[in-house]
Structures are given as C-alpha cells and as structure tokens.
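A.B. asks: Sharing the record's features from Swiss-Prot:
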BINDING   His53, Asp122  divalent metal cation binding site
BINDING   Asp62, Leu63, Pro64, Thr65, Asp122  substrate binding site
Amino acid sequence: MLQTTLKYRNRCNICVREYKCCIGSFMSRFGLSNMALTHYLTSIIHSFTSLAHQMLKRTNQDLPTPVKYYNPEIAKEYKKIEAAAEQKLLSMLPEEFQEDFRPFVISQQTSEEEAQIVKQADSICAYLKCLEELSAGNHEFALAKKRLDITLAERKTPEMDYFLNTFAPSFELSLDEIS
C-alpha cells in the first residue's frame with residue numbers, strides 16, 4: 001500500500017483519497033502547515049507511527065516535557081488523555097483501515113523498537129527547533145537545548161549520529177548563510 005500511496009502527492013498518504021478523508025481533513029482543519037516540518041522530519045524515520053504521534057500532539061496540545069513529567073500523577077493522567085485520543089483518532093479512520101492501522105495509532109500496540117524510534121525523532125525535532133531559535137538569537141531555548149543534549153546522548157544510535165552530524169548543522173545557519 002505504501003508504494004501505491006507515494007505516487008499520489010495531492011492525496012492523503014493513508015487512504016489515497018484527495019484530502020477528503022478523515023485524516024486529510026483532520027490535518028487540514030488543525031493546521032497542516034504548522035505541523036508539516038515536524039511531521040516530515042519524524043516521518044523520515046517511520047511514517048505511520050510518527051503521523052499518529054504528531055496528530056495526537058496536535059489534538060491534545062502537547063504539554064512541554066518539564067511540565068508533563070514534573071509530577072508522576074500529571075504524567076499518568078496525561079497518558080490516559082493520550083490513550084483516549086488514540087482511540088478517537090483510530091475511530092475516525094474508515095472501518096476497513098482500522099485493524100491495519102491499529103498498531104501505528106494505539107501506542108500500547110506499537111513495538112518497543114518503533115516507540116523508541118518515535119521518541120528519538122521527537123527529540124531530534126525538539127533539538128532542531130532549539131538550534132533554529134538559538135541561531136535567531138532567542139536564548140530562552142538554551143536550557144532546553146542543554147536538556148536535549150542529555151536526552152539525545154541517552155538515546156544515541158548510529159542513525160541518530162548520522163542525522164545530527166549530516167543535517168543538524170544546517171539548522172544553525174542564518175538566512176544570509178543559506179542564500
């Protein structure tokens with residue numbers, strides 16, 4: 001199915017309909033342009049799991065990590081909210097797709113390896129955001145970058161090293177350096 005969907009650029013990558021399906025209209029309604037960069041970067045690693053992950057973040061208005069994990073009770077309750085949102089997102093798919101996409105949408109059914117890949121991609125996206133902001137002179141992201149340096153070191157893999165060494169430096173370039 002993935003090979004078939006790649007040739008339809010103006011269509012939903014999930015069901016190959018012209019953005020009139022539940023996911024296509026959902027993405028349009030909640031701001032595809034706001035999530036396009038993050039989704040693209042995350043989808044380099046794993047497209048379907050990252051799509052569900054980003055959709056849930058968008059619909060739940062993802063909490064900043066320090067807030068989400070400050071108190072274990074907050075984290076526990078937020079997991080319940082995420083689980084309910086996952087079920088809602090899955091139910092929005094046409095019935096004929098639900099079983100196929102269940103492992104990609106319902107985090108409890110995602111393999112440990114896929115969950116780790118999504119966490120890595122999410123950390124990389126946050127790190128790249130910090131690089132962009134710091135490059136633009138916004139020093140409010142300095143502490144977040146320090147925390148993410150630690151997180152990235154903990155989640156380090158050869159693939160992450162390659163991505164960070166090859167692509168991350170470009171996120172620190174100024175507009176003049178890019179042109």
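Placement of Cβ uses the backbone N, Cα and C atoms for every residue, glycine included.
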A.B. asks: Relative to the Cβ position of Asp122 (divalent metal cation binding site), how many further Cβ atoms are located within 10 Å?
C.D. replies: 22
A.B. asks: Out of Pro64, Thr65, give me whichever of these binding-site residues has the highest number of other Cβ atoms within 10 Å.
C.D. replies: Thr65
A.B. asks: I need the CA-to-CA distance for Pro64 (substrate binding site) versus Asp122 (divalent metal cation binding site), whole Å please.
C.D. replies: 12
A.B. asks: For the C-alpha pair, I'd like the distance in angstrom between Thr65 (substrate binding site) and Asp122 (divalent metal cation binding site), rounded off.
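C.D. replies: Computed Cα spacing between Thr65 (substrate binding site) and Asp122 (divalent metal cation binding site) is 11 Å.
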A.B. asks: DSSP three-state call for Thr65 (substrate binding site): helix, strand or coil?
C.D. replies: helix
